[in-house]
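Single-structure report; data block below.
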């Protein structure tokens with residue numbers, strides 16, 4: 001438990017900082033552009049991470065929203081209940097996960113439709129011999145063909161959105177104080193470590209996507225959708241009263257923020 005607490009302490013000192021929430025979106029956008037330029041101008045040699053079957057891609061990135069959802073669910077519930085003691089407020093804050101699920105579902109559906117309506121089936125990856133009889137990606141692949149359309153990077157979208165959402169929710173740790181004897185201490189500490197490492201995986205795999213996969217425009221649109229999903233919720237809607245709201249803050253901190261705004 002002592003090692004876990006040390007990890008949690010380090011993660012609190014990094015991911016929970018307001019500077020991280022402020023600059024991470026810009027860092028992701030900049031690294032996506034830099035990685036994409038590197039891919040176009042001086043491609044890196046193939047490696048384990050450039051293989052789509054690598055462990056991180058198969059068991060984490062492919063189900064990134066499931067990991068994010070399953071770890072944020074108990075984290076939001078425990079930290080918000082610890083601070084407020086109000087079940088209604090906890091349920092309201094948990095609805096952020098429903099909103100996130102809706103954003104994930106709608107965006108991936110949009111990407112799939114764009115790839116469908118802009119694509120065609122070919123006999124080879126070199127786009128030779130168009131097979132007009134196959135009108136869908138599933139049918140094309142089923143017949144051994146290769147579908148080529150505008151494939152917006154789902155990884156760039158989802159990894160951006162998940163990383164930013166986790167960092168936003170971990171801001172509550174500024175207010176959460178538990179000692180070793182507290183009944184929630186072990187659970188919250190474990191979740192902090194798990195979410196911290198998950199965030200680093202998302203950022204690392206986002207960088208791998210930038211330097212190994214998709215073209216620049218596909219990654220630009222994917223990252224843009226992720227940033228819009230984050231900013232539209234945490235930057236706009238969640239500031240309103242008719243929303244799931246932001247992570248709870250102490251009255252003293254709110255007073256300081258109100259004074260600063262004035």
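Keep in mind that glycine also has a Cβ here, set from the backbone N, Cα and C atoms.
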Item to check | Check: residue 139 and residue 216 same membrane side, Swiss-Prot record | outcome: yes
Checklist entry - Are the transmembrane segment (24-44) and the transmembrane segment (191-211) close enough that 3 or more Cβ pairs fall under 8 Å, when only pairs 6 or more apart in sequence count? => result yes
Next on the checklist: With every protein chain in view, what's the tally of Cβ atoms within 10 Å of the Cβ of residue 214 (active site), excluding that atom itself?
Outcome noted: 20
Item to check | seg_contact(the transmembrane segment (24-44), the transmembrane segment (94-114)) with at least 3 CB pairs under 8 angstroms, min sep 6 | outcome: no
